[in-house]
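K.L.:
First the structure, which I've put down as structure tokens, then a few questions once you've had a look.
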Amino acid sequence: MWTFIVCFLACALQVSAATTAQESDPKFWIENGKRMLEEKSKQPFRTNKAKNVILFMGDGMSLTTLTAARIYKGQLQNTSGESEHLSFEQFPFTGISKTYCVDNQVADSACSATAYLCGVKANKGTIGLTSKVKKGDCPSSVSEEHRVTSIMQWAQWAGKATGFVTNTRVTDASPTGCYAQIAHREWESDVDMIKTSNGTTNLTQCEDIAKQLITKEPGRNFKVIMGGGRDKLMKQGVNSTGIRSDEDLVIRWKNDKRTRFSDKISKYVTTRDELSKTDMTQTDFVLGLFHRGHMDYRLKSNFETQPTLQEMTRNAIQLLQKEPNGYVLFVEGGLIDKAHHATWARIVLDETLEFSKAVANAVAMTSEDDTLIVVTSDHAHTMSMAGYPKRNANILGLSGTMAMDNMTYTTLSYAIGPKKSFVNDNTSCHRVNVTDEDLKKIDYQYPSLVDQSQDPHGGEDVMVFARGPMSYLFSGNYEQNQIALGIAMAAGISTDPPTNNSNIGNVVRSQFAGQTILTIITLISLMRILQYSS
């Protein structure tokens, strides 16, 4: 074990030697600091309205996740990871959002989605509803006064195109916040509703999440739907992996587009190849379902069949860019959270880098003058980074510090999770000796203090990064629901439904008349001033 530790520390010191000379000179830090401050001082405040909005959400992407991922990124490139940055960490404005639910200190992805997508905080496990509805209460969720609308609905009311991309199921909690009002996040299909409710509530009035996506507003109007979860939309039957008992919603989607948009081009794709062969500049609607369930982690994925998050995002933007009134796009890196639950730290960091690539691609494809990009997370996780590891030490390796039991430990670990830190045998209770384990395994489970089937969420605040028109709205510390409201303000769209056409006409005529009267009064005043001065 000691040989391993000595080698580990020597390798870390060898990697950092290239930067030691520079960093030992105080001018290095002072000049770098001044340069960054000079750049910040010249940062313009864009006060114009955003034509387009892209909201990126890294599910479970805690602050520790960001720190570890940027170090991991640098180490993959054989550079100083500590001084690296993820793409969105260079955005000019940053903030911190509070993630708690109305009824829980620690949020889940359902109540948090309602906050950052609908502008309203809700109860754990519910989506698109007020906190008057408890999880699983179908009858209460039907009342219109208990339902809230999302930024996607507001955008459609304003005449903008909308859509979402995720690498989880398209009916998973986070994307569901874009389009559904549901009392239980697990009611993804009609079969799921029956299975999950266990006869405790009347389900006859409620529709499952997938059905709301395809048949209700705003989901039925989405230009882009991409992700996994194909089985939740398809009907049971021969040569089908679907689980639905009522109807095939993929067929329903195709028929709806032919009926309502006969002059438009719609595409249903299920593989990376089909996606790459689709000309998005000539496509109006796309439904991409690339997996039966959640899409695979990049490190375990079949690249021939499944597109990356970056590829899906790029195609979505290409389709939406031709919209004359602009668009609102939601992109979720949902597998960060899934890997955290399993305490697969290596996959967590890799998925965070994949998310960063998707953001970088969006930045390259859009203009900061007319497109607001906001990057955030819904909640944290219990992963921590500690132990005084040497500079440039492998972030996925050992801390190099010995504990009181004469054993070292991993730099990254979890407070709660499926892998016990301690082993009980007939003679003693002792900690797992991690030096005997293969930390290079893709799905190595990092140790946790408290034994539980999976790592739960963390309750600390999460970061918000923003660039583009009115991005300064997202600085400071604030409630998570302010994100949706900030986006609406930046894009100049109302959170209220439009009135009927006649009322809109009256308002426009009234505004025009008022402006005309004001102009006449101004001209008369100027004429009098000129007459008096002469």
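Even glycines carry a Cβ here, placed using N, Cα and C.
Look at TrEMBL and you will find SER109 tagged as active site, phosphoserine intermediate. Under the heading Mg(2+) binding site, TrEMBL lists ASP59, ASP172, SER174, GLU332. Per TrEMBL, Zn(2+) binding site is recorded for ASP59, ASP337, HIS341, ASP378, HIS379, HIS457. Annotation comment: TrEMBL describes 1-17 as signal peptide.
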K.L.:
So if I draw a 10 Å sphere around the Cβ of GLU332 (Mg(2+) binding site), how many other Cβ atoms end up inside it?
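P.N.:
By my count, 31.
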K.L.:
When you measure from the Cβ of ASP378 (Zn(2+) binding site), which residues in the chain that are at least 6 apart have a Cβ under 8 Å away?
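P.N.:
Listed in sequence order: MET57, ASP59, GLY60, THR99, ALA107, SER109, SER112, ALA113, TYR116, SER174, VAL462, GLN480.
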K.L.:
Using only C-alpha positions, which one of ASP337, HIS341, HIS379, HIS457 is spatially nearest ASP172 (Mg(2+) binding site)? These are the binding-site residues in the record.
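P.N.:
Nearest candidate: ASP337.
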K.L.:
For GLU332 (Mg(2+) binding site), identify the closest of the binding-site residues HIS341, HIS379, HIS457, judging by Cα separation.
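P.N.:
Closest by Cα distance to GLU332 (Mg(2+) binding site) among the binding-site residues HIS341, HIS379, HIS457: HIS379.
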K.L.:
With the Zn(2+) site defined by ASP59, ASP337, HIS341, ASP378, HIS379, HIS457, which remaining residues of that chain have Cβ atoms positioned within 8 Å of the Cβ centroid?
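P.N.:
Here the non-site neighbours turn out to be GLY60, ASP108, SER109, ILE336, HIS340, SER377, ALA380, HIS381.
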K.L.:
Does HIS379 (Zn(2+) binding site) have same-chain partners at least 6 apart in sequence with Cβ under 8 Å from its own Cβ, and which are they?
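P.N.:
Non-local contacts for HIS379 (Zn(2+) binding site): ASP59, GLY60, SER62, THR99, VAL106, ALA107, ASP108, SER109, SER112, HIS457, GLY458, GLY459, VAL462.
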K.L.:
Other than its own, how many Cβ atoms are within 10 Å of the Cβ belonging to SER109 (active site, phosphoserine intermediate)?
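P.N.:
Excluding its own Cβ, SER109 (active site, phosphoserine intermediate) sees 27 Cβ atoms within 10 Å.
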